[in-house]
Amino acid sequence: MWSSLNEWLWQDRFWLPPNNSWADLEDRDGLVYAHPQDLLAALPLALVLVAMRFTFERLIGLPLSRWLGVRHQSRRPVEPNATLEKHFLMEGWRPDKPRMAVLATQCGLTLRQTQRWFRKRRNQDRPCLTKKFCEASWRFLFYLCSFIGGLSVLYHPLKPALYCWYLLELSFYISLLMTLPFDIRRKDFKEQVAHHLVTIILITFSYSANLLRIGSLVLLLHDSADYLLEACKMFNYTHQRRVCNSLFLIFSLVFFYTRLVIFPTQILYTTYYESIANSGPFFGYYFFNSLLVILQLLHVFWSCLILRMIHSFIKKGQMEKDIRSDVEESASSEGEELPQLKNGAAQGPPAVPTDGPRSRAAGRLANGHMLAS
């Protein structure tokens, strides 16, 4: 049954242009072609990359972050509360105000105390800058090496170096999927998962169908901007604003040019029009181009996020935080209800100068005494 299904799935008419067969891609006359079974080595290599990543982050990324002055902000554990913890894990980590009031009653707490507990509990699960830096440094190293390696092996037909590059790229994206539960969860998590899945399928299909030239160009275009993004993150975590701002502008220009100009006008145009100039369309043609279109839609999505950051950069004069990332919440950002005085001011002594006669008068007023006439 399995052999019959495999034979049906890999029919020539599905994946290859008309009048072509898999026999045409067999090694002959000293020419070596791609074979789908070559990519099976990507699975164990992905596990090796995962181990290399954790080793790199521990032995290189962490010391490097400390040397560059990345601040590790320690957080106090939230006070144990079984009822609130159960709601946090099972029903949601941001309950609405009516539900918050019910939970406060059940736990014998005030509404403000319950709001504060959920805020601290959310902050407790947020990754620290050190973890972000280590993750960015590993990706920066891989994307930079991959980009340089891709430039050096971009030729056809298949050579061992090109096979190794393809295999490394496939293994890396498989490792990204494997480490998703441990990585920093950003707001574009679903888009990242979709991107990794589409990339893995594209790499596998382009290699199996001997579409190495177009597949290599797609990988190279992506790597050309990715290492700049990771470098920008690293300098952002070390609070080196000028370098970060400069890298962000360079990354934006490279991203827009490669993803919104070259990719649709050269890659998509070639695969959609020129690839069937001498033959009719087939299933593999629609399958391959559909995946490339999904990639382009993701490019547009991320371009909108970058434009929002550029708008903030122009407006405020410096790059703000990555809008995909969560930041630590404060009482004001969460909108916690603060106890009010009769005149509507928040309770607490006002800030007063520390010296001079006016400070003594202000201090008496702050303590509730009237100024003597």
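Easy rule for this one: first residue shown is 1, then count along the chain.
Using N, Cα and C of the backbone, Cβ positions are placed for all residues, glycine too.
TrEMBL lists 84-128 with the feature domain 'Homeobox'.
What TrEMBL records for 86-129 is DNA-binding region.
Annotated domain 'TLC' per TrEMBL: 118-315, in sequence order.
As annotated by TrEMBL, transmembrane segment applies to 140-158 (among others).
Same-chain neighbours of the transmembrane segment (164-182): 38-39, 41-43, 45-50, 53, 142, 146, 149-150, 153, 192-193, 196-197, 199-200, 203-204, 207, 212, 215-216, 219, counting only residues six or more beyond its ends whose CB sits under 8 Å from a CB of the stretch. Positions annotated as transmembrane segment by TrEMBL: 164-182 (among others).
Sequence annotations record features per position, and here TrEMBL assigns transmembrane segment to 243-263 (among others). Under 8 Å from some Cβ of the transmembrane segment (243-263) lie the Cβ atoms of residues 218, 221-222, 224-225, 228-229, 231-232, 235-236, 295-296, 299-300, 302-303, 306, 309-310, 313, 318-319, all in the same chain and six or more residues away from its ends.
According to TrEMBL, the transmembrane segment annotation covers 283-307 (among others).
According to TrEMBL, the region 'Disordered' annotation covers 325-373.
Per TrEMBL, compositional bias 'Acidic residues' is recorded for 328-337.
Through the fold, the transmembrane segment (283-307) approaches residues 13-17, 188, 191, 194-195, 198-199, 201-202, 205-206, 209, 211, 218, 252, 255-256, 259-260, 263-264, 267-268, 271-272, 275-276, 323-324 of its own chain, all at least 6 residues removed from its boundaries and within a Cβ separation under 8 Å.
With helix defined as DSSP H, G or I and strand as E or B, the domain 'Homeobox' (84-128) counts 33 helix, 0 strand, 12 coil.
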